[in-house]
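What follows is a set of notes on a single structure, which appears directly below.
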Amino acid sequence: MSKSHNTNDNANYYLPHTLVDRELDRINCNERVRSQMRPQYHYCEGGCNNVSICNGFEIPEKYLQKCRSSEKDVVKKVQVQKSGKSDFILFIRSGDNGSHTPLASADTCELDLDTNRPIAGSIAIYSAMNYIDSNPGELKRVIIHELGHTFGFDYRLFPYLRHDDGSPRTKRNQHTGEPELPTDANEGLEADRTWHTVSSKKTYKRIALTLPSVVNFARNHFRCNELDAVDLESDGDDGSKPSHFERRLSIGEAMSATHDIMASVSGLTLSYFKDTG
């Protein structure tokens, strides 16, 4: 789940994220299953990978714990674990990313097996490093945006959200603990939108957040009690466009698809994280 922000003729727009060839929080295996013999453990039915790579960053071994390839076996250390009293581990690197160098990219590396909260993430800073001397405030805003993605503002993480009491918002498979949804589907996120033009009226399906705190904040902000959902970005590649608030509605918001020099973390973004459980 890498988030790439490109710099080209449309430099103000956060362009689509570069997808990483792996499943969400599966840096060590393709299919993780809870052990029936020892429920406190999970194992990887398809075997464990040799190394753990997140957003192009090879995770140092000291941050990894052992990966189980069966009910009994314990093999390579390729699963991120929290150390000490840390709630979240962040890996940061900088460098070049080819001819079309993005500002930065971000990835959620690992989720807690029981709560599904992000416990590790990675940020790669590319052309945004040019701001380090000339405009450090701009670099800070880019990093804040990327942090939002590592903390879970990501379309592919929506099926893992939970209610305030910790129960899953999306039905789970009893054997694997995974959401019972296709990888490209998310429950309760579609909203009808009617567009009026001079010549016609059309209704479109839009991907939108129906989370209670998000909707309540937006209703108060826009003074619209009939608002049923908050639209997510519809432009860009399929892997990234719903991972930002719709830019027409969220100018100046840190998690908007539009890069604003005055962007800040508003109550809209904070409401989302409140609703993650």
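Yeah, the Cβs are placed from backbone N, Cα and C, and that goes for glycine too.
If you check TrEMBL, you get these features:
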BINDING   His145, His149, His244  Zn(2+) binding site
ACT_SITE  Glu146  active site
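Positions of TrEMBL features highlighted on the structure.
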| residue | record | CB count, 10 Å |
| --- | --- | --- |
| His145 | Zn(2+) binding site | 27 |
| Glu146 | active site | 27 |
| His149 | Zn(2+) binding site | 26 |
| His244 | Zn(2+) binding site | 28 |
**Prompt:** According to DSSP, which of helix, strand or coil covers His145 (Zn(2+) binding site)?
**Reply:** helix
**Prompt:** Looking only at DSSP and grouping its letters into three states, which state does His244 (Zn(2+) binding site) belong to?
**Reply:** coil
**Message:** I need the CA-to-CA distance for the residue listed as 'active site' versus His244 (Zn(2+) binding site), whole Å please.
**Reply:** 11
